[in-house]
Amino acid sequence: MAVPPGHGPFSGFPGPQEHTQVLPDVRLLPRRLPLAFRDAASAPLRKLSVDLIKTYKHINEVYYAKKKRRAQQAPPQDSSTKKEKKVLNHGYDDDNHDYIVRSGERWLERYEIDSLIGKGSFGQVVKAYDHQTQELVAIKIIKNKKAFLNQAQIELRLLELMNQHDTEMKYYIVHLKRHFMFRNHLCLVFELLSYNLYDLLRNTHFRGVSLNLTRKLAQQLCTALLFLATPELSIIHCDLKPENILLCNPKRSAIKIVDFGSSCQLGQRIYQYIQSRFYRSPEVLLGTPYDLAIDMWSLGCILVEMHTGEPLFSGSNEVDQMSRIVEVLGIPPAPMLEQAPKARKYFERLPGGGWTLRRTKELRKDYQGPGTRRLQEVLGVQTGGPGGRRAGEPGHSPADYLRFQDLVLRMLEYEPAARISPLGALQHGFFRRTADEATNTGPAGSSASTSPAPLDTCPSSSTASSISSSGGSSGSSNDNRAYRYSNRYCGGPGPPITDCEMNSPQVLPSQPLRPWAGGDVPHKTHQAPISASTLPGTGAQLPPLPRCLGRPPSPTSPPPPELMDVSLVGSPPDCSPPPPAPAPQHPAASALRTRMTGGRPPLPPPDDPATLGPRLGLHGVPQSTAASS
């Protein structure tokens, strides 16, 4: 019995008579398919199997590109506009325990919130108007979380302690005006400052500022560290970096240190993982006890960065950070490594004694070896400054660079006990030019620097639009910094051009400070006091400790009467500090220094510039050139 076509077990297949009708349809099928399906590499099956990782990456790129465009179109000045789940703290906090800032909101019938100007791991910083004092302030709003509140209370205690010992606000520390609790958030009210030093570097396209401006910044920072090191304070900042050093005014070189959120007092250390990586000291990397000297290490790194435009040690991780330090300074002393708990993370013993850097996966491939990257080459001591950019400029002679190099090397001593102290740094020959300027007898304003300003002239507009926070930049990560430096020529706009090279802070007399609680450099501690503040080997006078006024002085006229120091009335004041009284040695610091020095001979005193060349390994610097300033 014949089975009709289209029936039976194989009825799904075309019969012989239908075969000829199907073939044309099959031939036409590719024409009907979408163009995207014709490429095997773009087929959905391949995208969801073999190329699944590529598919996810593409989705992420598209998502974050759209997110970035939205962020650029609507600047986040008001955190209430963000799509956050407002379910915490009765709807006042977001999912990250940060207060939801609303522009125009009024707190305590006193503070009118203007905008959000900074955010960090601690919380947020807003700009606000104080209707009671009729001034703009910066309010640091701590996260509504117990751990952050506890740490902020330590910061509050240290800030109040510093305020008690710096009632005239002349030691370059940010001034805490008051504090209060608002909707379960601790709020710290600070004076409103301007841009930070990283913004200043970005404004130079990361080519660095002049040696003259670097000197002014260094003198203020050394004075601030000397203040923090007084026995009554003994405060370790623990996170000194360009982002935490702010200009008081965008047209002046007066600065203040901010963000004491990671700080502690000597003998009350809480954390082992401190300092931002680029500025982290060897003792912190190695896990040995640390003291106030870690801030001096950070300062040495900052000064080099401010002049060259790039970090001296820009490690991508701790192993890379140590390798970059070794490239410049060599292997740390053996006694220091033998006592370090984390020494074998970076180093290994040699069979015949001594230490060498471990070859690990984290060690970068272009590592050259100990001492192969000399500081004199980084600074361009004999080649006209970094990249030869300062060749022929006044104030950038080989003698100036020799003094600067010697000061930095003393700040970057491996052993904390051998590292120069703030008092020793202020007495260094690098500041002799500042002393000469301070004795200038010309008309008002003639004491301004004669060094040309690489930032050129000046400035425009106010600072209200892009003010940095007084809260600083908390945290110990440099990942974002590394990204910004690797893309430094493609970044956003910096602060407006300033003339802070030409306008130094008013130099006024101040009460002398005792040496830091941890003791001075060995050759300073056991010498007779220096009379009349004369710099050894130079005959120059030690400059009076500079002062940061609440309102910057005009470069061509004396400050107004309300800013004049009463000691200026009458005869010129005596700016020479009396011989410092011996500071009591803190037991922890004394034990640390005894353990770390290991019988090491003391450093020689700062030499005359004419003798610095041979001692630093430089040759060919004529005596007449080295002796000139």
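Easy rule for this one: first residue shown is 1, then count along the chain.
Glycine is no exception: its Cβ is also placed from the backbone N, Cα and C atoms.
Listed in Swiss-Prot:
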ACT_SITE  D239  active site, proton acceptor
BINDING   I117, G118, K119, G120, S121, F122, G123, Q124, V125, K140, F190, E191, L192, L193  ATP binding site
COMPBIAS  438-477  compositional bias 'Low complexity'
COMPBIAS  552-562  compositional bias 'Pro residues'
COMPBIAS  574-585  compositional bias 'Pro residues'
DOMAIN    111-431  domain 'Protein kinase'
MOD_RES   Y63  phosphotyrosine
MOD_RES   Y92  phosphotyrosine
MOD_RES   Y111  phosphotyrosine
MOD_RES   Y129  phosphotyrosine
MOD_RES   Y171  phosphotyrosine
MOD_RES   S262  phosphoserine
MOD_RES   Y271  phosphotyrosine
MOD_RES   Y273  phosphotyrosine
MOD_RES   Y401  phosphotyrosine
MOD_RES   S624  phosphoserine
REGION    67-86  region 'Disordered'
REGION    380-399  region 'Disordered'
REGION    436-480  region 'Disordered'
REGION    480-520  region 'Interaction with RANBP9'
REGION    496-629  region 'Disordered'
MOTIF     69-86  motif 'Bipartite nuclear localization signal'
Residue among binding-site residues I117, V125, L192 with least C-beta crowding, 10 angstrom cut-off:
I117
Please give the greatest C-alpha separation between any two of the ATP-binding residues I117, G118, K119, G120, S121, F122, G123, Q124, V125, K140, F190, E191, L192, L193, in angstrom, as a whole number.
21
Which number gives the other C-beta atoms within 10 angstroms of the C-beta of Y63 (phosphotyrosine), all protein chains shown included?
10
Round to the nearest Å and give the CA-to-CA distance linking Y92 (phosphotyrosine) with K119 (ATP binding site).
17
Compared by Cα position, which of the modified residues Y129, S262, Y273, Y401 is the closest one to K119 (ATP binding site)?
S262
Anything within 10 Å of S262 (phosphoserine)? Look among the recorded positions Y171, L192, D239, Y271, comparing CA atoms, and list what you find.
D239, Y271
Cα of S121 (ATP binding site) to Cα of Y63 (phosphotyrosine): how many Å, rounded?
25
Those recorded positions, out of Y63, I117, Y129, L192, D239, that come within 10 angstroms of Y273 (phosphotyrosine) at the Cα:
none
Integer Å distance between the CA atoms belonging to Y271 (phosphotyrosine) and D239 (active site, proton acceptor):
12
Taking just the CA atoms, what is the gap between Y129 (phosphotyrosine) and G123 (ATP binding site) in Å?
20
List the Cα distance (Å, whole number) between Y171 (phosphotyrosine) and L192 (ATP binding site).
17
